[in-house]
Amino acid sequence: MSNKQIFLKFKSGEIILNNFNKYTDSISSKLLFYQNIKNQENNSGNENYKNFNYNYKNKNNYNNNNNNNNSNSSSNNNGSNNNIKFNSLFISSIYLYNNNNSNNNDLKNDKNDNSIGNINKIIKPKIEIQDLLNPFEAIKEIVGNKEDEEINLVKIGIRVLELGLILLPSVLTFPCCFIPGVKELWWQLLLETIQFSGTCWIKFGQWISTRPDLFPDLLIEKFSQLHSQCPSHSFQFTNESIENSFNGKSIKDLFLWFDEEPMASGSVAQVHKALTMDGKVAVVKVLHPNVKSNIKRDFFIIYSLIWAFSHIPEMKWLSLPESILEFGKSMMKQADLELEASHLNRFNSNFKYNSEVIFPKPLYPLVSKEVLVESFEPGSPIMDFIKKNDHHNPTLAKIGLSAYMQMMLVDNFVHADLHPGNVLVRTSDDDNFKSIDNNYFKKYNNDNDQQQQQQYNLPFKRKLYDTIEKSHKKFDSMLGGIQLKSIDFKEHQKSSPKLIFLDVGLVTQLGQQDKDHFIELFTEIVNGNGKEGAELLIRYAREAKCTEEEMYQFKERMGTLFNQVQNSKLSEVHVGQFMSEILGLVREYHVKIESNFATLVMGTIVLEGLGKQLDPSLGLLKAAIPFLLKSQVFSFSNFIKDFFLKSKTSKKQLNNDNNNNNNNNNNNKNNNDNNNKNNNNKNNNEKNK
């Protein structure tokens, strides 16, 4: 077979091989850095890692000059384990093929590049920042309808006047924020003003607290205190929402019992406890009145202000209108409860083999855009365990850390609204009381089977187990008028606690390339390579407006930060504080990073903060290593699968093309034979005549 035929055979596969450079740049460093982790923990072996990496790159350059692949690989992998050696050999063979059959000269250009694991530079093309959308175009972007009835200038004007009156006390007393004895009172006034301004403004303040790459530390600290406990709406509106969502069926048609008093009320929705017709204790989440139209109206005002300020030259680098646009989209997603139900399904699927992590389950068909019915998951707020220094705390810290690392590094599907209010803890006692709760409801339903639904009313608290005396023998309930003669607590053996994650309306997903970048940054943190980490941030930034001198300063200061990691054990590194300082440098030197990237960093900071309160000895970086490796194995295996699938497809396509060509040739031959035969017959006929 000629070289040309070989090239044709793998022509579609060649594209995959070119893309393979992205994986090898990431995978090689991740497969190798695990060895470096062990060496750092033992305070030895750093040089072996660097020497191995240097030989690894020389080996690839050697392959690029068409020398013997196998002998060179075996001679330059001293000190590496068998797995690393195997992957090095595999990657070398791929590169040998790629460089012999394409015009890829990237390896030649990287001979003098000493960055760790950098076989082929991945230079992310600069994303051109689009022209600023005006406020009306921005609304169209988040709702898909420019002619939205709520975007009415008269209504907007009235709302602006209303907000002006609400904000007036804070504006007039603004100088007080500089007076030491009074400034805390002023900040408290501002926070309460934002709370009173409505859903969008509360969420806007919370969003600001998650972007230390854009806003100063003081603002981040103060706005992180905003909470979403808001006034509840009427039970009548809840009933109307349920009827409108489920084909006119009322609460009495869908539930055996429904608590009219909400369990909690947030900025977007409120939740009630109920009992479904099949005897399941459930939570019913109902959107507040006009929440979507209010979000769109207030978003229009916020975006208009930011859009006006963005024309100031000093503000342009922030690209705030783009960030606010992403904020608006996330707000609209949180107001779609069908989407939240799909998120719950995804999380339950991702953690189906992990019994220590629990997400509520949507109870179909009782799911709509305005109403979501999900399983009731009893538990205690995680802050209760932090305050009393419970013996479960170290276990809880490990469970939470593992869950978040799986979301971020393996599943690439991350809960983006993690705060203590959205995390509950369930112990074995909670499981017992949940069983009592369900049995109580079922017994009540069976005993009153002949009664009409409107006749019953259960006068007990929302959490039934709060009213139950913890007895190992019997329990008599006078509140419901029913006596449960014997409820035995058989599960008194100690079991590991479980974490329950709530409110998953907002999630974060990174593209594959951004995910690889995030993992690369983690790798450089572990290795203590500050300058390489700075180069990563600049290389993958959406925009970096640094002069050469500023870029040099940025790299030097990053190097100083990373040296702190290099000189410490991984278990002693405070990742949250470290990443906060990184984002501070990003803001100071005007390096614009992706919003999802910043969200993940903030999630990591919040997670470590909770984890350290539960277990001060928690080491986030050390615990992340298995998940980093697992994510790379998944990426690598998916690539291999995809590569061979595409190669098989291209081979099949080539065979089909060859068969088609053969068929065409045969058809042409048959046509020629028929034409010749017809001509001969015609000549014979003429001759006979």
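Even glycines carry a Cβ here, placed using N, Cα and C.
Worth saying up front: this structure is predicted, and the values here are computed from it rather than measured.
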Among LYS252, LYS280, LYS285 - the residue Swiss-Prot places in the same ATP site as MET263, ALA264, SER265, GLY266, SER267, VAL268, ALA269, GLN270, VAL271: LYS285
Site with most surrounding Cβ atoms, counting all protein chains shown within 10 Å, from the binding-site residues SER265, SER267: SER267
Maximum Cα-Cα separation in Å among residues MET263, ALA264, SER265, GLY266, SER267, VAL268, ALA269, GLN270, VAL271, LYS285, which the record lists as binding ATP: 14
Reported mean pLDDT - the domain 'Protein kinase' (257-689): 72
Cβ neighbour count (within 10 Å, all chains shown) around MET263 (ATP binding site): 16
Per DSSP, three-state class assigned to MET263 (ATP binding site): coil
Fewest Cβ neighbours within 10 Å, where candidates are the binding-site residues ALA269, VAL271: VAL271
Spatial neighbours, same chain, of ASP417 (active site, proton acceptor) - Cβ under 8 Å, 6+ residues apart: ASP503, VAL504, GLY505, LEU506
